[in-house]
Structure formats: structure tokens, C-alpha cells
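Working notes for the structure below.
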Ligand SMILES: Nc1ncnc2c1ncn2[C@@H]1O[C@H](COP(=O)(O)OP(=O)(O)OP(=O)(O)O)[C@@H](O)[C@H]1O
């Protein structure tokens, strides 16, 4: 006779299990609310007591400690609850474990030790844990246990949430032979359920389904440099973000005080990932795109391939250093003062000598007093001996007089102005100057390209930001009193979208004070660099300035590099971080793309880069990518048609990835489709993002027009979770 349970039996069991889990989760939420109430009560009482009598007895301190803890738990829980009531719940996992002693059989499910795992830890009034934080050591088996090394776990359960409601259970039985008769096993596995879900416009955390190899990278100790590699879709980004949350948990004092910085490739990418950390209860991490690392600048424009390569090259370092020390363009070339009955004059050569001496040890904006001393000495040498009497008897007295003359003052203001990085960068718009500063290290064509790129726009580009940062360091910040005395001087001047000219002095001051008051640490205790393969040597210099004492997490995949010479970028990173110990992790499974899409993309990149690191894609959809051929004139229309088609076929987002030259036409078509699920974007902006369906417009032009060529196309071909259509007028790229 058939003994297997009927579907009604199963439904009943599942219903009963869901109810039981819901009851526990309800207790957690109730406790969070209680904690909030008692926290505000203790706050009031504590405040009154603090005013009335002595504080500092042990009991009070304990109270304060508890109060602070409750407030923290409450605040974190509230943030999480507000975040996405549709999806994310506080408690998402449960472990049922035995004693690990395989000899004793387990009689009943209730004999197993039960532990709930959640986004944060919550205890009941007796201080017993209702749920433990996913980052706590006790939660490790939830992520690491496998059937071969089960770490005492018999059953791992993922609770699928919609806000505070449990809507499903996904079980994983790790020790079938240890499982008591009455332990139900439900669902088909949490990972597959999570991978097949429709994508929205922002990334979600994976806290309920972190895989063992990912967990190792997340919990790696914060020492030296942790390098996380792996091909597209292996979870590098999401793992890095969970690692940031883990570091804050494991050493909150150090990382909250010192600061954690996450650097990503673009503003679009930062917007895509910005919700992940708050959903894990962390709001203190700074997220910045490489174009936003200098205060006061938010660069989004990108240079063409040639200009970006020049601006990113390490050779810029010498060029900028020479620019920062050179004469100020249009500065006076003679100084003439009438003093003590004589006209004393310094010519261009003498002025150059004074300038060089003053800059020997001090950056320009801090060397005004050196320059002044040098000028006084040079003028004194030329001051006739027979006039050195009375108030002009010695050099010091002479110096006081001469620097007080209007002629000197006017001269000095023009000859030694406080320089902003933005102003000096603009000097590079003149090819003759660039050629002088290049000292033969750049070809004449490169000199022309660089100057033309600087002149072409008032806006700073992403690549300019690293140059501004370098110049900031070369020029130095002016001493406080100089900056204060000179009301007109604003360090941020020229650093924001060319709107500065129309700001009044007081507006500018208010802004710079606001920037200082934002109190973002310029140096961080941990720096996490995503899409690290894209950082140019100059960008590596900028990023490493943010963490001279930091530990690092560096995440990337060379085959996706948009830098023309990935080996150069790699060498730049190696040289900047060479003094630190390195731990390397490799992620091996592509969780994003369907196996059909990824095997195609892998073939494209393997043809050009035989040693590319290709992960395994595990999810099959049965749908192959499709390639369509049209006349060039019909491309935009065809892309629009494909978008309409795909909107019917997928539940989530559709990305239309287009080479920059075709952007206006495609933008128009996308506007016509008029569905917020469809977006158009450039290959560079698609870095790190994903869509349920992707339309790739003119792959050949993506290769020819984008920095990174075939590697940029590989990025584009690995953005889709379910479906991909390419729209072509030529097909040279097809394998
Ligand atoms: N353990 C997991 N459980 C559920 N989803 C996962 C898991 N690991 C990764 N993913 C999902 O796979 C997708 C790809 O992750 P992510 O963007 O972090 O990969 P990546 O390696 O940074 O990719 P790329 O290099 O192509 O930008 C995301 O949707 C992520 O949520």
C-alpha cells in the first residue's frame, strides 16, 4: 500500500508549520516594540535621575547599557521594517541541530536545538535570544553547513517573508539519517526560489541564501587586502556589501568610528546598491562612485576612450606636479617697487628662482610666506648699499616696508594666488603648456587630445576627479588664516558644475562650511572597492589616499575591465597595496544569468580572452538568446519592438543597452514605450546592474566605441537574468 503523504496531508503540515513559525516571529516583533517603549521610558527616567542625583553606580550603568542596546535594536528594526514591507522580514532563518554526537538517535523534533537567524539580534525580557544576528558566530552554520560537513545541523529552514508575515518555508535536510520522524521538510530550496524571482531597479540583500564560499569571503578577517574575484553574476558586489555589514558587526567601535567606504563605478550603480546595507540594519557606510570621491564634485560625464586613457595614465602624475609648480599663466613677469628713494626690480628669471626655492619643500598654497621671504631677500640684494640706513637699515625692516607698498601687494596677489585644483586643471586646456609639462612623456597626439578634452567642456568628467584629487594634494590646502582672510578664496571653487561664478561669497562660504560639517571622514578604516578592474592608475592613487591606514576589500573581474590595459590597472593596484598582506577568494557560480545566456556570453569572451575566469551558471530557462538583423536605419524601431515584446514575457525589468552614439534615438523609442520597467543605458552604466531581460543594441558598435572593447561587450552580454535579444546591423562580433 502506498504510504506517501497525500497533498492534503502536506498542506495541513505546511499550514501548521507556517502558523508555528509565525507565532515565533510575532513574538520577535512584539519584543521589538516593547524594547522601544522601555527605551523611551528609561530615557526619560534616566534623564531625570541624571539631573537629580548621583549617577555612575553600577546599576545605573547597566541600565544605560541596556537602554542603549534596546535603542539600537529598535532603531535598526524600525529602519528594516520601513525599508520594504513588501519583502523583507526581520527573521529569515532557522536551524534545527543535534548534539553532533552521531551515536545517539534523536527521538523527536522537539529534542533538536532550535535557533532563529535574523537581520539583527533580539532577546526576550529574560535576555534569552529570540533571534540571533546573521553575523554572529553562532549563525555561521546557517551558511556553511553542507551535507558532508553539517556542523550539527539537521535541518536548515529559510522563512520567506512579506514584511512581518511568513509566506513560505524552504527546507534543506542535511542529515536525513539523523532526522526524527516528525520533522517536516518543505519547499524546493530557497536559493532557486530566490534566483528565479523578478528583478526590480535596486539590488536586494541575499542574507537568507548566502552560499558557503560567499560566506567565507564575507567573514574573512579585516586584515590587509581581501581580494574577491569571480566571473559575472557570482555575487561579488552583494558579497562585498554583506562583508561591510559583517565588519561593522564584528568590530563596531573600530569601523563605525573609523568609517567604511564603498567605492563603485558610477552613480547609477550606487543608486542600484544603496538599499542593501540599510536592509541589513547598517546606515553608517559611505557609498561613493569614483566620480564623487572629491568633496564638492559629482562627476558623471565620461571622456572618450582616448582621453580617458590619457587622464588615467600614471604619467599624469609628473605632468600635474610640474603644472602645480609652474608660473601661474598670465601672472606678472617683473616686480618693480619704488622704495627708500630707489626703484628696485626683479626680472622673470629671478622671480622663477624665488618660486622654485619656495616650492622646494612646501606645497604651493602653504608656501606664500616662503615666497614672500624669497622676494624680500631678492629685492634687498638689489637695494643700493648707500640707501640702507634709517628705517631701511636692515633686511627685516626693509621687508616690512616693501611688502606694505601697493605695488608689491598688487604684484603678489597676481603672482601667488591661492590655487584651486579646478583652476590648475583648466590650465591643461592649452596644448603648449601641456607639451611643456609633458617633458616628452606624452606623444604630440596625446598632448593635443588631452588639451582638447579639457577645453571641450566646463564640466568635470569622472576621470578628471582623480586629477583634481592629485592636484589637491600637490597644491595643499591653504593655512586656515589665509583662507579666512581672503574672503574670495574657496577651496571648492570650480569644483561643481560651473555654477560657482554666480554664487556670492557668502553662499560659497556656507557651502564649504556645510561640506566640512557633513563631517565625512576623508580617511576610512576600511575601504571596499567594487569593479576594481576598472580603476585607472590615477584613480587607484585617489582611492588609496582615502585609506592610508585602512584594511581593504577589493572586488573585480579582469575579463570585465573597461580600462584599455587591464594589466596596467592591475599593476597600479598591486603597487598601491603592495605593503599589505593579501587574502584571495574566488566565487565560482554565476547566480544571475540563465545557463543559456551565460554559455553564449562565455563563448564570446573566450574567443578573445582564452584565460577568462568563467563561472558555472546553474539555472536553466530553456530560452536561448536571440540575434536579430536589420538595416541600420531600422535599429531603433526594432529595439522598441523588442522592448514591447519582452515586457510581455518577463515580470520585472527590461534594460536596453546602447552605444553612446545611438542613445538619443533609443531614448526616444524608450520614451514612446513609456513603461517604467524599461530603461535605456550605456554599456559603462550597465556595469554591475542586472535586468530580467536585456536588449543589446549594435554589439559591434559597443565593441568599437567603448573603452574596453570586447570586455565591455562581455559586461553587456552578462546583464540578463532571463532573456536576451541582440539587435544588429552588422554581426562581426558573433562567434
Ligand atoms: N547566495 C545568493 N543567493 C541569492 N542570490 C544571489 C546569491 N549570490 C548572488 N546572488 C544574486 O546574483 C546576482 C549577481 O550578484 P552580483 O551583482 O553581486 O554579482 P557580481 O559578481 O558582482 O556580478 P558582475 O561582476 O557581473 O557585476 C544578484 O542578483 C545577486 O542578488
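Placement of Cβ uses the backbone N, Cα and C atoms for every residue, glycine included.
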Which range, 1-21, 22-42, does TrEMBL list as region 'Disordered'? 1-21
Does DSSP put residue 230 (ATP binding site) in a helix, in a strand, or in coil? strand
State the non-local partners of the compositional bias 'Basic and acidic residues' (12-21) in its own chain: residues 6+ outside its ends, Cβ under 8 Å from one of its Cβ atoms. 5, 94, 159, 166, 168-169, 184, 186
Which three-state DSSP class does residue 235 (ATP binding site) fall into? coil
Cβ neighbours within the same chain of residue 230 (ATP binding site) - under 8 Å, at least six residues apart: 236, 557, 586, 587, 588, 613, 615
Residue 235 (ATP binding site) has its Cβ surrounded, within 10 angstroms, by a count of other Cβ atoms equal to 26
For the compositional bias 'Basic and acidic residues' (12-21), the number of residues DSSP places in helix, strand and coil: 10 helix, 0 strand, 0 coil
Around the recorded ATP site, report the further residues of that chain (criterion: Cβ within 8 Å of the mean position of the Cβ atoms of 230, 231, 232, 233, 234, 235, 236, 237; site residues excluded), sequence-ordered. 557, 587, 590, 591, 592, 615
